[in-house]
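Structure first, commentary second.
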């Protein structure tokens, strides 16, 4: 395949036809193409894929690559590299100091720096998928998927018996038969089953009765201080919180039981009618209170009331 060369020119060089023609004379015009960088950057022109063995970026009218660095972005650079053959080179114009494109972009595009500002596109073969042939599993294994095809489609190496080899040397014979593979699979399956059985632990056998009946050891921070009620930690794990809850439940149940025992029915209430004249103190100040009542007043201990007011006794409490 003939070598093709691509010259990439910045727009400022086209304004100097004499300098551009002088540059073109140093290349074979039959195997050289010229393309403007600004047209590639704007998407007005495109390059063929894997066509050129050499790509040269020309300097601008000021004999520098400042204009090329502005025009060659990542998208444009990838398009340029796509037109370069594998094993081809890309570099800036000779005898011009400076960098024609970004070094990092060249590395990211897969180029290799070979020195003197030249970058090589490595000749890497395309990746191909390699099929892997798997051995046929044992048919008696439960749940093992069977491979399609007969044994002829998946041949195994011939079996080599133990003992002396064809040369007469007493060496260990290599066995590659299907029987040997099946034995290995069966042994591995049995080992896995035994290992899984050994891992099972009965939780009821972890603690015996003596350990369950042992007293709870409280941490120092959970121990009650003198004169204060014990308080459980927020994340208590020593059993103090559960014990305090049980004590509170017992106290609440006792209080409810006592409250039910103290309840009186309507028949248990005693009514006192003060409109009926009964015992009257000699002082006549029975309704004023104990401060005004005499020593033998029948209303001692009762609060002050209005004359003729009805007084009820409920749970040993006076209700007016």
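Cβ coordinates are placed from backbone N, Cα and C, and glycine is handled just like the others.
Values in this document were obtained by computation on a predicted structure and should not be read as measured data.
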Correct range for region 'Fe-S binding site B' (source Swiss-Prot, candidates 283-297, 298-312): 283-297
Between residue 294 ([4Fe-4S] cluster binding site) and residue 233 ([2Fe-2S] cluster binding site), the C-alpha gap once rounded to whole angstrom: 60
Number of other Cβ atoms within 10 Å of the Cβ of residue 297 ([4Fe-4S] cluster binding site) across all protein chains: 19
Residue 233 ([2Fe-2S] cluster binding site) to residue 286 ([4Fe-4S] cluster binding site) - Cα separation in whole Å: 59
Most crowded position, judged by CB atoms within 10 A, among 233, 236, 238, 286, 294 as binding-site residues: 286
